[in-house]
Amino acid sequence: MGEESLRKRKGEDRGREDIQSIQSHEPQTMNLQKQANLFLFPPCGICMIVGTIIGSGIFVSPKSVLANVGAVGPCLIVWAACGVLATLGALCFAELGTMITKSGGEYPYLMEAFGPIPAFLFSWTSLLVTKPSSFAIICLSFAEYASAPFYPGCDPPQVVIKCLAAAAIVVITIVNSLSVKLGSYLQNFLTAAKMIIVTIIIVSGIVLLAQGKTENFKDSFKDSKISVGSISLAFYNGLWAYDGWNQLNYITEELKNPYRNLPLSIIIGIPLVTVCYILINVSYFTVMTSTELLQSPAVAVTFGDRVLYPASWIVPLFVVCSTLGAANGTCFTAGRLVYVAGREGHMLKVLSYISVKHLTPAPALIFYGAVAIIYIIPGDINTLINYFSFAVWIFYGLSVLALIVMRFTRKEFRRPIRVPIVIPVIVTLIAILLVLAPIITAPELAYLYCALFILSGLIAYTLFVHLKFSWAQKISQPITMHLQMLLEVVPEEEVTL
């Protein structure tokens, strides 16, 4: 009986060590965190959220949201509702992020709740669809605004737009590969720049309202198109502008005191963005009717031409800063997903290596940038958004469902933040609606292709992760060795500070 009780006690100790390893906010592999201890105070986390969310969406999506609902009143309601949904989703992720303080966003949550297969499918889809397509969309938007002043009266050539977008991807990838702190400083600077144009638009709109420019808000629900399909499509475009609400969960290991700073950044950052988005739309409608807004090739530029002339040139300049800030934030956080998946053996091992000189996940960032450039070559913004939105809400829903599941299967986990169970239930149901509604109301082949690609990850998992074919390792080993020498990267545990 003595030996049996001793074995039982040792098993319990190992179980507690496993839980502490999952939940510890000081992971055993600390080198990257030591170099990237960026978020000493909540303002930097808020800058990451605001800087990543406010990008190209608020300058592109207003027209698409209005086109789907048809009137000013429902349009503003959709923008507010999208902000509420993003806040609820972020609160669910705050519980997940403080319960399992591992970088990689949804990846560790799916791994803990459902096992390696859903986690692999998430990393597979994120690595090759959602994250690169998001990066590509933002950089294409940057290129359109950056090139527009040089082609007055006509659309810039596609070759110019794609080359500028590719150049932006290369520059942002290099900056984040060279220095984590440099990427953080660039993020803070671009966030400050984009808040300037946001402030200018909002203040201008308030002044115009005070002057009595309210005629476009009369009969604001007239001619509205209210249906499940139209509202769902409007939410798709609005939520694209809010995407980025979960970005801090990708760098949880690099947050100082995540139990405090993660939820605080969410609670302040996302409502701040929501208020800004609603006020920006109100400002647009003070100078443009619904018809004029729908006919505008670039809503923010049209607003600047009518309100800020002759200083209207500042609008495309600051929009360029805004899109670059969103692209930089996306690159900064998405590289961590590739890094964590590689560390778990779900991606090429070299993707989990870090630079000896700069202590950054350089291979992951370079691979991510290269895939984004591939998306730019044949793709356009609308097609990429279709791929992105469908895929991303599948895994948002699964991650929030994981929170519900772990309330029953992982009761022993410490939860510094515990949201009411009704919140994740609501978010899960809305995610299901957002995935199914576009398929039912406006079916497109893009959704089928995306679903097939996600399922094809099962084949990759079986061949390269579960069975671990020896021929695959024979091919990958020399590639890994040469990339190590070329990029000067090593496994994290081999780095000495």
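Glycine is treated like the rest: Cβ placed from N, Cα and C.
If you check TrEMBL, you get these features:
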COMPBIAS  1-19  compositional bias 'Basic and acidic residues'
REGION    1-26  region 'Disordered'
TRANSMEM  38-59  transmembrane segment
TRANSMEM  71-97  transmembrane segment
TRANSMEM  159-180  transmembrane segment
TRANSMEM  192-210  transmembrane segment
TRANSMEM  264-287  transmembrane segment
TRANSMEM  313-339  transmembrane segment
TRANSMEM  359-378  transmembrane segment
TRANSMEM  384-405  transmembrane segment
TRANSMEM  417-440  transmembrane segment
TRANSMEM  446-467  transmembrane segment
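Outside the transmembrane segment (71-97), and at least 6 residues removed from its termini, the chain residues within Cβ reach (under 8 Å) are 53, 62, 65, 109, 216-217, 220-226, 231, 234-235, 238-239, 241-242, 245-246, 248-249, 252, 258, 262-263, 266-267, 270-271, 273-274, 277-278, 281-282, 285, 290, 396, 399-400, 402-403, 415, 417-419, 423-424, 426-427, 430.
When Cβ-Cβ distances below 8 Å are used as the criterion, the transmembrane segment (159-180) is approached by residues 35-36, 38, 135-136, 139-140, 142-144, 146-147, 186, 254, 324, 327-328, 331-332, 335, 355, 358-360, 362, 365-366, 368-369, 372-373, 376-377 of the same chain, each at least six residues removed from its ends.
Taking Cβ pairs closer than 8 Å, the transmembrane segment (192-210) reaches residues 50-51, 54-55, 58, 276, 279-280, 282-284, 286-287, 300, 303, 307-308, 314-315, 318-319, 321-322, 325 in its own chain, all 6 or more past its ends.
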